[in-house]
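**Q** Take a look at this one; I'll ask things after.
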Amino acid sequence: MSISSARQRRSTAASPLTDDGYSKEAKERRRRTDGEEVEEGIRWFLPFLALGLLRHMSASSNLIHDCDEVFNYWEPLHFLLYRSGFQTWEYSSDHALRSYLYLFIHGLVAGPASSIFGSEHKVRVFYAVRIFLGLLSTITETVLVVALSRRYGKRLACYVLAMLCLTSGCFFASTSFLPSSFSMYAVTLSSALFLLEKYACAVSVAAAGVILGWPFSILVFLPVTVYSLLRGHFKRVFLSGLLTSLCLLVLSVVADYYSYGRWTSSVFNLLKYNVLGGGESHLYGTEGASFYFRNAFNNFNFAFVLALLFVGVALSARKKYAPDLLIVVSPVYIWLAFMSLQAHKEERFLYPIYPLICVAAASVIDSFPYFFHDKYANEQSIFEKIAKGLRPLILGFILCTSHSRTFSMLNGYGAPLQIYQHLEYHEDTGPGSILCVGSEWHRYPSSFFVPSYISEVRWIDDGFRGLLPFPFNETLGGTTAAPSYFNTKNKASDKQYVLPFPRSSTTYLFL
């Protein structure tokens, strides 16, 4: 009896060291009698519900953070639906830098929505597309959370889930109508499939993210793609990625031919413009090397600092994160280094790695106690206990800080969307009115917010000497047009501003 009691006491004393569920004994408890390990982890419903609620909030309240989102995506989509909207030089058939296949995918939601709501409620179509974007984000992030829970346990998955839900960066990027957001969805899903050992699917999703989303994001997909080829059945994984790429490239070329009126590839044109020469993106602004680090800190606060420390943690305190999770998170460092070397920088360029920042930061927080863990000790040290208590406090601080920034942004910069929605209450001005927009042209929220009684929107000359978008010209061919007033030098056209107001019978509205 005394020997048995001693064994029980030793087992009780050692139990605090194995309460994380990752020890050999804990794994043995999860094994079935036939030797297979039971897949324990978070079920699908909880992350889907939590992310779905937050993404719905984002869809209904998110700002438009970049005028490129309006003029390169919302406006062409509006033209496809209602035959009116602004065209940028990138959509001129002479240049054809933007993919219409990307717009057609969103048209699968916008088309039926426009038929249901009609031209009188275009704003509802706008928010229907945003809800669709939020749904895509919810699905991909749910798969990532479930994959993490199955590989590394519920605690890490819950930390990642909390950050995906509440960090400002993910809240804003998840429902932005941008190719970089689409690439973010693909990065999230591809990483999750890699962790679930679905290598062929991971590479196919990566190919879709590059071709349908943003071609330059290929660098973000590179680690997962390479390791999927090495670990999976090489021929099967390679053919899966190749066939997906070829099918999507063919669809892209057909969509571009239908829209631009000539055989061309917007994917190749974009790469040619920016990589092979001729691109002059510096004309649209340059920033210093620290821009993305400052921007990422704004969107993730101290979570970004922790994410940068992940490599050291993975190679020292928590070696179980290497190599798989290190492969998944490595694009954070690759992308930051590459993009920081480019002269032209924009916040949206970081979107593809936003979920990975959450994964890296959550992993570091989860690892705090292991810096003080002594595997030969029978009891936890006081420092290990303190580190365990600090985990929820640090996570809570990060989430509260992010939450406050999100709401300060929504309250402080939401005026454009609210003001334009008031236009629908001024129908008494009569049909054929012209809306004139001055120095705040870059805050124009898109033609979805312009009521049908307004016949056109024009720009007022306020001294800006860059090239502004022009309305799509049906006379010149609509999407197939190559207007002469467009140029690649960002030089203002003498036709882009409204002339002195000659029509005394017309009502002009000014914003």
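Placed from the backbone N, Cα and C atoms, the Cβ positions cover glycine too.
Bear in mind that TrEMBL entries carry predicted annotations, made automatically and left uncurated.
Relevant sequence annotations retrieved from TrEMBL are reproduced here:
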COMPBIAS  1-15  compositional bias 'Low complexity'
COMPBIAS  21-34  compositional bias 'Basic and acidic residues'
REGION    1-34  region 'Disordered'
TRANSMEM  100-119  transmembrane segment
TRANSMEM  125-149  transmembrane segment
TRANSMEM  156-182  transmembrane segment
TRANSMEM  202-230  transmembrane segment
TRANSMEM  237-260  transmembrane segment
TRANSMEM  300-318  transmembrane segment
TRANSMEM  325-343  transmembrane segment
TRANSMEM  349-372  transmembrane segment
**Q** Among the recorded stretches 156-182, 202-230, 237-260, 300-318, 349-372, which has the greatest number of Cβ pairs closer than 8 Å to the transmembrane segment (125-149)?
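**A** Result: 156-182.
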**Q** For the transmembrane segment (325-343), give me same-chain residues lying six or more residues beyond its boundaries with a C-beta closer than 8 angstroms to one of its C-beta atoms, as numbers and ranges.
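**A** Long-range Cβ neighbours of the transmembrane segment (325-343): 151-152, 187, 191, 194-195, 219-224, 227, 281-282, 286-287, 289-293, 296, 307-308, 310-311, 314-315, 349-350, 352-353, 356-357, 359-360, 363.
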**Q** Please check if the transmembrane segment (300-318) comes into contact with the transmembrane segment (156-182), where contact means 3 or more CB pairs closer than 8 Å and the residues in each pair are separated by 6 or more positions.
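**A** The transmembrane segment (156-182) and the transmembrane segment (300-318): touching, yes.
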**Q** What same-chain residues lie close to the transmembrane segment (349-372): Cβ under 8 Å, and 6 or more beyond its ends?
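**A** For the transmembrane segment (349-372), the far contacts come to 141, 144, 148, 152, 155-156, 159-160, 162-164, 167, 169-170, 173, 176, 178, 180-181, 183-184, 187-188, 191, 209, 214, 217, 220, 292, 295-296, 299-300, 303-304, 306-310, 313-314, 317-318, 321, 325, 328-329, 331-332, 335-336, 339, 381, 383-385, 387-388, 390-391, 394-395, 398.
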**Q** Can you work out which residues elsewhere in the same chain, 6+ from the ends of the transmembrane segment (100-119), have a Cβ less than 8 Å from its Cβ atoms?
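**A** Result: 73, 76-77, 80-82, 125, 128-129, 132, 177, 179, 182, 212-213, 248, 251-252, 255-256, 258-260, 266, 452, 479.
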